[in-house]
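Peer 1: Okay, here's the structure, questions in a sec.
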């Protein structure tokens, strides 16, 4: 009998809702495109299909990025963080990652912030 | 009487625990360094002090990155996403961003994944 090993690492930690955040980064430019959520099954689909799948918290359903918009995300690599509770997915992004039509969900949404000075005396 | 305007945008959306995820990105290299959580006060401190401050969920306290380790994060810019529920903070990172000593929390934590082919016929 063939044993099918689960491609989802045991070390992954999902929150009380069974989800973890996935950061989506443009593999070529390094631009951070968006953050969305995955449950274990969405992680499994992302790892095994070459396309990024999320769990939509608002719609309560799986959401394979680009199926409606055509703005598909092709997986280049996936990494987890030291706590196993966040994923970093590097992708080839077709078109706009954001549903508002901007390349990234962070485009033109800067918040005024004081810039820190690494050469300042340590407080 | 002087009015002190809150630097934290009204549009920010915090979860049921009063937190939102902040993605920390190296401003120079574009490397994604880590993800951690901020409450409204941590966002306020991050926007106004030039140093990144998180809320530690495990310790239940504010955590100004680098105060213990020396691996300080200096703010270069802050942006929110289209839903206002995630921040992207670009930083100058001193030393290792990860408490395990690696530059990023995702360093050497790759998960085996099928690489997607953007030129394949659409399914």
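Positions of Cβ are set from backbone N, Cα and C atoms, glycine also.
From TrEMBL, here are the annotated features:
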{"type": "BINDING", "residues": "B:81, B:83, B:85", "note": "Mg(2+) binding site"}
{"type": "BINDING", "residues": "B:82, B:98, B:105", "note": "Zn(2+) binding site"}
{"type": "DOMAIN", "residues": "B:34-107", "note": "domain 'Phosphoribosyl-AMP cyclohydrolase'"}
Peer 1: For the domain 'Phosphoribosyl-AMP cyclohydrolase' (B:34-107), what does DSSP give as the number of helix, strand and coil residues?
Peer 2: 10 helix, 29 strand, 35 coil
Peer 1: How big is the gap, in Å, between the Cα of residue B:85 (Mg(2+) binding site) and that of residue B:105 (Zn(2+) binding site), rounded to a whole number?
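Peer 2: Cα-Cα, rounded: 22 Å.
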Peer 1: Counting across all protein chains present, how many other Cβ atoms fall within 10 Å of the Cβ of residue B:98 (Zn(2+) binding site)?
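Peer 2: That number is 20.
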Peer 1: Which one of these binding-site residues has the most other Cβ atoms within 10 Å of its own Cβ: B:81, B:83, B:85?
Peer 2: B:81
Peer 1: What is the interatomic distance between the Cα atoms of residue B:105 (Zn(2+) binding site) and residue B:81 (Mg(2+) binding site), given in whole Å?
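Peer 2: That comes out at 22 Å between the alpha carbons.
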Peer 1: Can you tell which of the binding-site residues (B:82, B:105) has the fewest other C-beta atoms within 10 angstroms of its C-beta?
Peer 2: B:82
Peer 1: Quick one: pull the CA-CA distance for residue B:83 (Mg(2+) binding site) versus residue B:98 (Zn(2+) binding site), whole Å only.
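Peer 2: Between the Cα atoms of residue B:83 (Mg(2+) binding site) and residue B:98 (Zn(2+) binding site), the distance comes to 28 Å.
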Peer 1: Using the alpha carbons only, what distance in Å do you get between residue B:98 (Zn(2+) binding site) and residue B:81 (Mg(2+) binding site) once rounded?
Peer 2: 24
Peer 1: Where does the mean pLDDT land for the domain 'Phosphoribosyl-AMP cyclohydrolase' (B:34-107)?
Peer 2: 97
